[in-house]
Amino acid sequence: MAETESGTGNSPSHRLSETSNASGNRSHQQSKQIASYKSSKPNVFIRFIRAIFGYRKTSVTLFVFITIIATLILVELSNSLDFSVKLPTNNLERTILDNSWLDLQKIGKEEHPYTSKGNDYVHDYLEAKITELIGKSLFIECDNDVNYTNNIIFKTENDLYNQVTYYESNNLLVRINGSDSSLPALLVSAHFDSVPSSFGVTDDGMGIASLLGILNYYSSDGIDQPMRTIILNFNNNEEFGLMGATSFLHHPWFKQVRYFLNLEGTGAGGKAVLFRGTDYGIVKYFKHVRYPFGTSLFQQGFNNHLIHSETDYKIYKENGGIRGIDLAFYKPRDIYHTASDSIKNIDIKSLWHMLSNSLDFVEIVSSQRIDLDDEDTSPESDEKSREFAIFSSFFNWFFVIPASQLVLINVTCLAVIPLISLPLLVIIFNYKKNWHIGFINAIKFPVSLVLSICILNIITHNVIASINEFLPNSSYDSIVSTLYSLFLLLNYLFLNGINFIFKGYKGLYHDEKLILIIQTSFIYWVLLIVSTNKLSKNKIGNDHTGEFPLIMLFLLQSIGALFGLFSWSFKKTTPDELRNNDDEACQALLSREEHNNYGSNEAELESGEPISSNSSVSLNSSSSQVTNNLVKNLRKSFSYDWSIQYVVIVPLSSLIVYNTGSLLLSGLNKSIQESLNAEKLIFDLIQLVAVTLAIPFLPFIFKINRLLVTALVLVFCSGFISIFLKSPFDQLNPLKLRFVQSINLDESSDISVVNVFGRYGSPMNNVLLDLPSLKETNESLECNNLQDGMQLCSYKTLLSPNLSPDVTDFNDYLDVQVLKNSSSDYPYGLLSGEIKINVPENRVCRLSFNNSNFENSKQSLVRTILVYEDNNYENSSNKLFPFEVSEFQLANLPEGFSRDKKGTYIYKNLNGIDKLELNKLSWDKPYHVGFQWMPKFVDSVSAENENTNVPYTTDFNNLGIQVECFWGNLGYANNENKSEDERIPAYGEVLHYSPNYVSWANKESGLVSVSKYVEI
């Protein structure tokens, strides 16, 4: 009986019954736990908050979409002229703006380079306008350089050659005298000349119109006399040597000036940006203007010579030694210096943006004694104020600090963040022991990052740049979005691929986002150390004032990392809990069976449906463990720490990077047409912006859903396809070509050659081959590759220029008379010569010197240049200078500029003079020039080492002079018969027959050059 009972108890049916009972008990317990959870279920509002802010795929994806859209909108609004600038409502300001706009229309009526009659028209218009305005005031006066009192001769800085420039100035100067004569004056400067190919509305018509607006304001009734004297410099010939500004340095009024505001235009419309400032002391006053817009990123570009064009700022700062700022329009550069820089392509708001900011800056500096006025008595203040300025703006808010202060902030953050982080890590890993980070966790982000950047670099330079190298000209934003989406997708695949391969690895998914945040902050920490070290030694040529966003990106990542570390340091977790539950909410996305999101688990509970055996909460565990861990993970899913980290890191980082990148690329992308080096730089910058923009999103990439992944794939695919299909040049983003028609009288007296400069690989050849004159005459197009990716294409043309109505032969355009050959044949004497250049209706000529021994000499043999005043000149076979040659010794003549008693302009340079540029105001007055140069035996060291005496010959020491003169007059030489007398018909042809995606600019000081070679 006992055996029977015992056998019955161990029978399969009995064991099945016990199993069923146990299962029933567990099911009952599970149901009770679920019921307990459901009974404590929060209300609808709390569930909605949890649904939005819980760490779920849908929530993260929603946050990412909102961030991207908000970033695009905010940056567009901040940089938008229409949104950020409002037209004046004040009656006086409205009147000033209307008058300035009318002035701008008058100034931009025609092209007005220094080499054109249009330049005289603008000068005369401004002179009449100034005279009218100053007649209203008792404390305003003017001065005109046209009386020849400010002609100068000076050395022009150039790395390739030594050039001396003679310039006759016709600047227009206005002095608004201040009530306190002890205060140093403020200079406001703009130039009224344009290039020959442009109407000069933005460059620099709006600067000139702003000067007139300032003058209009201070000459208006009811406006008090300023405390500080204000000098307005309407200067000429900025475009080809910054000559008007250089001339002003020699004017008596310059001695009063200590500060300056330079108004310029290196783009065509839009907003006027604060390009750069000499120092913090003066830049800080720009924060008081009503619509501040600027970034020291452009300052870094200028100071490091990434931007090749220069402004008068350079003259005032480097040669004049005064302190000020450079305010200019900065985009787009493909319209800059072309016929599209006209009144029809700009907005009155652009003028008001420059004019209002200029008025505000002038008002704040001139209405009071500023701290810079007293720096001579305060050395400490002087040291700080003369530091480089770091500045930026956003939504008309302006931020500026001195470089030393940013260095101090950087050093503090670099030290404090690790000091806080290290103790927290010690607490977490040595005491709490609640966070497991293994080898895979530590290396997967660096591996993913490096692989993604390498692939991105290959795609950028070997695919995009090879297929469509000029695409950034029209679509840099498309390339950024393509690379941005690709970079996110690559990291998504690499990170989750590693998770999939090592899915059985203990602790693989343990707070992955925090690991990535910490590693990202470490990368920024290293970069910030390098940047701070360089900023502490900041100088021109090695400027780092534009790298200020690094500290902000580092701080944002560090705050997110510290928040995560604090959370772990206060978390209570038992070892048993760790052993049984090493999985974490951040699951890999490639394994659907093992990694369901929390939202689905919660839905199962609330619906009463059975819990799936493949739940992510605990693999291969008992049902009670499943239930316990499920409820635990559901509670974890309600954690909002991720959302705090996301909000702290991602939105602001995206905004900073995108705003900085947008300003940088929109200002530089057109320079891809200027050189191969610029092209490489732009592609590198595009790649940098794409990577930096994507990095803040990477810690949260484990939780993006299929919708966002699909969107990224679509963006990448559409962008990649556009690389093959989209043209880099269109009507809004034209191909920029540079034109000059050359006549070389040594080669032909009836044939001219059109030279066109552009980038190699551009459609330039096709454009030129389609010109009617080439097709009709069957002239060949000769193209030669130049340095740095440029190309010169030339063709002969029968479209002769009509530079002067009285000239019928090319030889009449340029006649060089040799007035005097060497004054002595003595082999050790100073050789000298003298020429007169006759050119009709001309203002600019350039002379290049060589010698029969030039190739063997390390420097030019010309040492002295003399430019004669014809009314003082007395021709004599015995005199080169106004004194006897026997009385003249080279050592007695001071190096640099000097004048003799007859008014001759003399410049001496012992290092040699390679070129001389002559600029005069008279249209028909000849150039009268003298030279002194060294004979071979005096200048050549090699002669000392020769055993044989080479006899002295005059021919051996002849001075060769290449004379080239330029004309910039467009329009018609004879208004009675316009169809036949177009001044430069070859230029008219390229304008008329080029496609609408081509814009034309000048290559030289004029659109036509005539050259001739002589020896003396």
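Keep in mind that glycine also has a Cβ here, set from the backbone N, Cα and C atoms.
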*Which candidate, of N147, N614, N802, Swiss-Prot gives the annotation N-linked glycosylation site*: N147
_N21, N821 - the residue Swiss-Prot records as N-linked glycosylation site_ = N821
*According to Swiss-Prot, which residue out of N177, N620 bears the annotation N-linked glycosylation site?*
N177
*Determine from Swiss-Prot whether R706 and F53 lie on identical sides of the membrane.*
yes
*Could you tell me which of these glycosylation sites, N778, N821, has the fewest other Cβ atoms within 10 Å of its Cβ?*
N778
_DSSP-derived structure type at N850 (N-linked glycosylation site), helix or strand or else coil_ = strand
*asked:* Under 8 angstroms for C-beta pairs, at least 3 of them, ignoring pairs fewer than 6 apart in sequence. Is the transmembrane segment (512-532) in contact with the transmembrane segment (682-702) by that rule?
replied: yes
*Which ones in the same chain are close to N669 (N-linked glycosylation site), with CB under 8 Å and 6+ residues apart in sequence?*
P472, N473, Y476, I682
*Determine which residues of the chain contact the transmembrane segment (682-702) at the Cβ level, with the cut-off under 8 Å and only residues 6 or more beyond its ends counted.*
60, 63-64, 445, 449, 453, 456-457, 460-461, 464-465, 472, 476, 479-480, 483-484, 487-488, 491-492, 495-496, 499, 512-514, 516-517, 520, 553, 556-557, 560, 586-589, 642, 645-646, 649-650, 653-654, 657-658, 661, 664-665, 668-669, 671-672
*Rank the binding-site residues D203, E239 by the number of other Cβ atoms within 10 Å of each Cβ and report the first-ranked residue.*
D203
*Measuring Cα to Cα, tell me the gap between H337 (Zn(2+) 2 binding site) and N778 (N-linked glycosylation site) in whole angstrom.*
31
*Going through 409-429, 439-459, 482-502, 548-568, 707-727 one by one, which has the most CB pairs that fall under 8 Å from the transmembrane segment (647-667)?*
548-568
*Could you check if the transmembrane segment (707-727) is in contact with the transmembrane segment (409-429), meaning 3+ Cβ pairs under 8 Å among residue pairs at least 6 apart in sequence?*
no
*Between Y336 (site 'Transition state stabilizer') and N177 (N-linked glycosylation site), find the distance joining the two CA atoms and give it rounded to the nearest Å.*
35
*Which residues, sitting 6 or more apart from N177 (N-linked glycosylation site) on the same chain, put a CB under 8 Å from its CB?*
F139, I140, E141, Q225, T229
